[in-house]
Amino acid sequence: MAAAASPAILPRLAILPYLLFDWSGTGRADAHSLWYNFTIIHLPRHGQQWCEVQSQVDQKNFLSYDCGSDKVLSMGHLEEQLYATDAWGKQLEMLREVGQRLRLELADTELEDFTPSGPLTLQVRMSCECEADGYIRGSWQFSFDGRKFLLFDSNNRKWTVVHAGARRMKEKWEKDSGLTTFFKMVSMRDCKSWLRDFLMHRKKRLEPTAPPTMAPGLAQPKAIATTLSPWSFLIILCFILPGI
């Protein structure tokens, strides 16, 4: 006899017919991405910020944050409404933790055949992307003086040397299972959660506040009753179904 479905997943299973109808009948939602660009200076000059983050949703700037002094420098209009939420606070807390971790690693980094033009500065792009088919992709890119040195694929935990000067850096970080796990979890768990929150917020802003009123006794139009908006479809595909 087949095992009964867990009560925890029944609400998710209940939406599958609607999801499949939307997939076949109304087209697929676009992919979406969330990027965090860190700039970490090992020995900053007087007045320089040692840690700054520039963030983008779908390649549009939404946050500039000094993670050294815990100060929001600027944010987009839509994000102002998220500022006082728990999710926003958790995001800033994690960005500070990432900045501190990167600073510690930078202090102990040995680069070969590379002379920085100024104070040793690490530029890091951490990103998570939800593709149109619901696949979540996480990655890290590490650069010095604007030149790519090292890549990390969070999905398969693979390190790739782009610049020969990063060979020792790659060997050291690859052996550090704690660091590898940290990078994977931030980009695949935390970043994914933040992207979900931003998409949900944007979805609420774009959807009408109330459905069209209808005369009593009239059947609800099929397009309303059985389809999902692209935003709803993407959120379900990327953030709900993977947990089934």
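Note that Cβ sites are derived from N, Cα and C of the backbone, with glycine treated the same way.
Noted from Swiss-Prot: C191 is disulfide-bonded to C128, selected from C51, C67, C128. In Swiss-Prot, the cysteine linked to C51 by a disulfide bond, out of C67, C130, is C67. Rounded to the nearest whole angstrom, the C-alpha distance between C128 (disulfide bond) and N37 (N-linked glycosylation site) is 12.
According to DSSP, C67 (disulfide bond) is assigned to coil rather than to any helix or strand. Cα-Cα distance from C67 (disulfide bond) to N37 (N-linked glycosylation site): 12 Å (rounded to the nearest whole number). Helix, strand and coil content of the region 'MHC class I alpha-1 like' (30-118), in residues and according to DSSP, is 26 helix, 29 strand, 34 coil. A distance of 13 Å separates the Cα atom of C191 (disulfide bond) from that of N37 (N-linked glycosylation site).
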